[in-house]
Ligand SMILES: NC(=O)C1=CN([C@@H]2O[C@H](COP(=O)(O)OP(=O)(O)OC[C@H]3O[C@@H](n4cnc5c(N)ncnc54)[C@H](OP(=O)(O)O)[C@@H]3O)[C@@H](O)[C@H]2O)C=CC1
Ligand SMILES: CC(=O)C(=O)O
Ligand SMILES: [Mg+2]
């Protein structure tokens with residue numbers, strides 16, 4: 001009895017009772033309610049079967065007009081619904097018709113969020129069946145605009161908000177979340193939301209969006225997903241002045257105050273959900289991101305999507321592209337614009353893969369990769385003043401101030417944009433790359449679309465149709481000189497849902513770089529001859545659940561190989577097992 005009480009949600013108000021006492025009211029007074037005297041405070045905790053009106057208002061169980069006659073009788077729904085009985089397919093058709101009528105992407109986003117809050121399975125059915133059409137709505141680019149305007153469009157809260165006000169009680173805050181069996185947390189502190197900068201508390205749109213992809217693309221149950229925003233303030237003056245801003249109105253906490261809050265959070269998560277809960281760090285600024293990953297990588301199941309997921313997806317694209325541009329990985333020369341989380345994360349994984357393939361030391365393979373930051377090319381003379389994550393890339397070279405000069409000096413075969421600054425791949429830059437490559441590989445990774453280093457049309461036009469191009473946010477196919485070019489989408493959304501699924505199904509307790517390579521290899525392996533023929537280096541998102549199962553299987557296999565998997569015995573066929581674990585949005589029958 002005592003231990004049950006100690007486990008209760010409201011630990012501070014638990015009544016201290018003699019465990020052997022038989023006195024007390026109720027059949028099993030686990031919550032101590034019947035023993036409480038009037039001055040004792042307790043949690044009004046109820047567990048009930050949803051029926052009638054509350055069933056219709058419960059997004060997890062609501063089926064709207066699809067409730068059958070029998071279900072309407074059994075669950076007190078008679079009269080609460082009009083007489084017709086619909087199918088989920090008809091509901092889907094109606095909603096897609098409605099969504100397509102909205103002119104503005106933000107209206108579509110709001111319609112999707114409203115659906116998620118009203119009928120969760122229908123939301124996921126739409127997303128799974130129409131992934132290519134709806135990905136840009138619930139994810140980049142529209143989610144970026146949604147975060148910028150989050151305060152104005154805010155209706156119902158989604159996810160969990162942990163601010164400096166909750167310091168000292170984060171464990172209690174986690175217990176306020178209605179679900180107990182959490183498998184994946186995506187957490188942001190809102191400081192680097194896509195390429196849009198510090199959006200403070202309004203960054204919540206990102207964990208919410210990423211986790212809806214965990215379910216739709218990776219098949220992790222929605223109830224096992226928990227979006228979290230940590231609000232330590234914002235340095236965004238515009239938001240601080242915005243009357244509709246939803247976060248703390250103060251400058252960002254830094255240093256010890258920041259570290260303590262994060263540490264309390266990380267400890268509380270492990271205490272509450274155990275060590276097999278995956279914590280995905282998302283859109284933190286790089287001055288915290290690398291440190292958090294290093295600090296918690298050895299004690300928690302953590303993964304930084306911007307550093308590691310992006311690296312895995314770009315490596316897959318590059319490896320696949322070799323079929324089109326020729327040569328082996330180590331025969332190429334890479335130049336990045338942007339040497340932050342994405343840039344250095346990708347660079348490191350490419351160097352690791354090169355080293356693996358050629359047996360050359362990592363220090364050697366890194367020399368094939370060059371990065372430009374806001375101060376110019378990263379070279380050895382700058383080493384002392386560089387942030388630690390840039391130091392491995394400070395090669396011997398004279399200083400070079402700008403990208404165009406760096407392109408001319410380095411002569412890269414692959415140009416990668418990870419700067420968060422739009423329009424930086426100018427005509428001169430792209431033409432210069434095209435002047436010494438028959439088929440230049442150009443990846444403009446920055447999100448959302450407004451921050452893309454160049455557009456698909458620019459890439460194809462300026463290279464006279466020779467570029468192999470992919471971007472972080474989607475672009476429509478481009479017609480150039482009578483031919484249609486289909487750009488790819490190089491986005492970590494290909495990787496994190498499958499990677500997460502693989503970690504969850506194997507019960508992994510740590511993320512290892514080899515798992516990122518395994519995920520990358522699985523993705524690259526999904527590009528068919530037919531796709532190569534169209535100049536594509538990524539498979540279509542319409543196949544993503546199949547792709548995620550392959551990624552999950554490869555990641556899980558690596559987890560078993562490395563001895564960090566706890567789900568034993570290892571399933572014989574990991575692809576089949578991954579598929580069998582995936583959430584389906586089809587309605588369930590009710591008793
Ligand atoms: N497609 C995808 O899947 C992903 C895309 N991204 C996108 O990548 C972008 C960068 O993200 P992230 O790496 O996390 O950000 P960071 O802030 O960590 O890094 C940005 C880097 O770009 C450099 N930079 C900024 N402005 C310029 C400029 N005008 N010229 C040259 N360099 C510049 C910065 O230089 P300095 O260090 O000198 O300040 C820094 O090195 C974002 O737009 C994000 O949306 C991120 C993750 C995944
Ligand atoms: C895609 C992504 O994670 C980003 O742009 O930050
Ligand atoms: Mg991100």
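Cβ coordinates are placed from backbone N, Cα and C, and glycine is handled just like the others.
Just one of 235, 236, 447, 543 is listed by TrEMBL for the same (S)-malate site as 192, 491, and that one is 447. The two recorded residues residue 491 ((S)-malate binding site) and residue 306 (divalent metal cation binding site) have their Cα atoms spaced 10 Å from each other. When pLDDT values are averaged over the domain 'Malic enzyme N-terminal' (116-297), the model yields 97. Ranked by Cβ neighbours within 10 A across all protein chains shown, the recorded positions 192, 210 are led by 210. Ligand 1 lies under 6 Å from the Cβ of 447, out of the binding-site residues 282, 283, 447. Within 8 Å of the centroid defined by the CB atoms of 282, 283, 306, the record's divalent metal cation site, lie the Cβ atoms of 188, 192, 193, 206, 281, 284, 289, 304, 305, 341, excluding the listed residues themselves. Under 6 Å, Cβ to nearest atom of ligand 3: this is the test, and of the recorded positions 139, 192, 282, 283, 491 it is passed by 282, 283.
Counting only residues at least six positions away in the same chain, the Cβ atoms of 209, 210, 213, 493 sit under 8 Å from the Cβ of residue 139 (active site, proton donor). In the three-state DSSP reading, residue 306 (divalent metal cation binding site) counts as helix.
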